[in-house]
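S.K.: Please read through the structure below; I'll follow up with questions.
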Amino acid sequence: MNNDKRPLYISYAGPALLSTPLLNKGSAFSAEERASFNLEGLLPEATETIQEQVVRAYQQYRGFESDMDKHIYLRNIQDTNETLFYRLVQNHISEMMPIIYTPTVGAACENFSNIYRRGRGLFISYANRDRIDDLLNNAANHNVKVIVVTDGERILGLGDQGIGGMGIPIGKLSLYTACGGISPAYTLPVVLDVGTNNPQRLADPMYMGWRHPRITGPDYDNFVEEFMQAVQRRWPDALIQFEDFAQKNAMPLLERYKNRVCCFNDDIQGTAAVTVGSLLAACKAAGSQLSQQRITFLGAGSAGCGIAEAIIAQMVSEGISDEQARSQVYMVDRWGLLEEGMPNLLDFQQRLVQKKANTQHWTTENNGYSLHDVIRNAKPTVLVGVSGAPGLFSEEIIKEMHQHCPRPIVFPLSNPTSRVEALPSDIIRWTNGEALVATGSPFDPVLHEGKTYPIVQCNNSYIFPGIGLGVLAANARRVTDEMLMESSRALASCSPLAINGHGPLLPPLESIHSVSKKIAFAVAKKAIEQGVAPEVTDEALEASIEQHFWQPVYRRYKRTAF
């Protein structure tokens, strides 16, 4: 945690100090600091507090009309004065999270080269594959503890954005700090530029990435391996989060590295953890267990299958067999229900096929079973959308589900907002207010027949900042499935609906710091229990979490020659 009474000794001075975002205070430099660091005359006369700076910055922010302009403005503050940026965001977290991350970050990625102002993080091009160690040594932050890396191929639901995908690691790490208290000095966003197959990007004269079709196969795998080895040489204890890799690479990369380095995939494991946590809270509020639910997924990619496997693991922990748990989970993709004997299924999909014996008495008018067929025959109590295809949870689908389930749980999780499977307002209306709805992107509360229904954002930001904080606080060497499961349970324990029987399914973002600390403690405890972190007392662990929790306050500076 920051201690603003303890001075920080730095050698930067003059314009160089004002140009260093991690150290710049702008108008908050004291008269003594201005004299000591050659800043006199470089700043207006008034010395301000950080709260006075926040008031001005917020006034300027409110002056922008479009979300994109607001995003650009906040990114400019981040690249000028990081402490001010995080104080501003923390003061207005609910309002600004959709601007710095989903859904606005999607448009920012699509327009990355057009709105580019200043470099942040590392752009590691395939053309420089023989110099990755040198590139890592060029990073602005030297004591890196958390890396978010993407290759830009599957950015949200927007597909291949090339280096435009850098907006995602930048946004994710902003939330590691704003929500999880991880110092921005410890973070590094990385994009692996292996080209792009997006014809719009390649044809755009403004595009700033490597103009080449995507590298694939062994060349791609070797490039990622070189990067991972270089990171291990430079920062052997860093946590690496894989972000927005295409389905064909996401799961294989996770399987290849999860037992070698401290890493996880947020799209697969983070999404699974927050979804399981939300479902556990919903079940607790209803007086039931997850193992009693029948769950249908629309979308059987790596994210959907990752959520399904996490749900099955939780069901088994509640006392049912793995076989029984799998029989209660129905995966539907564009070709229909995944069934045994279907051709061309990926390895991670094979474990989630439904046995013919479970569907032999079902009725259908088609070859195979559509989503509507599954809803009608399986009678699910939970419907999860991770398809990236808008509007597929139709009125017919939702009403069919509601016929056999008085309080359906419906999670249209696809991002950004334009890709959501159904609008929350429609789901509430079609079920006469009886559905419990959570979404992947933010939506306003729904007013239906005089009653207001809060729409919870089932967002990974409830989970990954706490995981990162727990890994750092415990000095964990790996991120295990059991650690992720504990994060889900910790999140569920924070649910106002589960605790009080009313209120939102997940806690408000204004309490995200306490949520992240609770998740961090649960994750760290499990890491110690599993032997992937040094053994310490609970008291020492809590102290470590507080010590690692960075706050956006200005420290006093003292001049050093070195």
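Each residue, glycine too, has its Cβ placed from N, Cα and C.
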S.K.: Considering the NAD(+) binding residues R154, N415 given in Swiss-Prot, which of D267, D538 is annotated for that site as well?
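M.R.: Record check against Swiss-Prot: NAD(+) site with R154, N415, extra candidate from D267, D538 is D267.
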S.K.: If you compare CA-to-CA distances from R154 (NAD(+) binding site) to each of the recorded positions Y101, E243, D244, which comes out shortest?
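M.R.: Nearest listed residue in space: D244.
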S.K.: Sorry to bug you, but what's the C-alpha spacing from K172 (active site, proton acceptor) to D267 (NAD(+) binding site), rounded to the closest Å?
M.R.: 12
S.K.: So which binding-site residues out of E243, D244, N415 end up within 10 angstroms of K172 (active site, proton acceptor), measuring C-alpha to C-alpha?
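M.R.: Correct set: E243.
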S.K.: Rounded to the nearest Å, what's the C-alpha distance separating Y101 (active site, proton donor) and D244 (divalent metal cation binding site)? Just drop the number here, would you?
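M.R.: One finds 14 Å between the Cα atoms of these residues.
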S.K.: Can you give me the residues near the recorded divalent metal cation site, meaning same chain, not E243, D244, D267 themselves, Cβ no more than 8 Å from the center of the site's Cβ atoms?
M.R.: T150, R154, I155, I168, F242, F245, A250, N265, D266
